[in-house]
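According to Swiss-Prot, the protein has these features:
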| type | residues | note |
| --- | --- | --- |
| DISULFID | C33-C59 | disulfide bond |
| DISULFID | C45-C68 | disulfide bond |
| DISULFID | C49-C70 | disulfide bond |
| SIGNAL | 1-25 | signal peptide |
Amino acid sequence: MASNKVSFFLVLCLCVLSTAEFGEAQILTGIKCPDPNGHDKEDKCNIYCLNQNYMGGSCQGYKNHYMCECYVG
């Protein structure tokens, strides 16, 4: 019975760690992505973030509400 609890705890920890996006904090820029579906075809968001001395960026959000987010670390 104890081994089942330990196994469950380890699986739970792995699930949390896999969704944590290690080393990737995201900074909201307030810049709306041009495509309503969040596709940064011209790489404008990434270029903006690189020019602001971040590690890059991408469009994050949901339909018609995608915003540019820059990556840190």
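Along the chain as shown, residues are numbered 1 onward.
The backbone N, Cα and C atoms fix where each Cβ goes, and this holds for glycine too.
When each of the disulfide-bonded residues C33, C45 is scored by how many other Cβ atoms sit within 10 Å of its Cβ, C33 comes out lowest. Residue pair C45 (disulfide bond) / C70 (disulfide bond) shows a Cα separation of 8 Å. Taking the Cα atom of each, C59 (disulfide bond) and C49 (disulfide bond) are about 11 angstrom apart. In this view, C68 (disulfide bond) is surrounded by 23 other Cβ atoms within 10 Å of its Cβ, with every protein chain counted. Close to C33 (disulfide bond), meaning Cα to Cα within 10 A, are the following disulfide-bonded residues out of C49, C68, C70: C68. DSSP gives C45 (disulfide bond) a helix state. Here the Cα atom of C68 (disulfide bond) is found 8 Å from that of C49 (disulfide bond).
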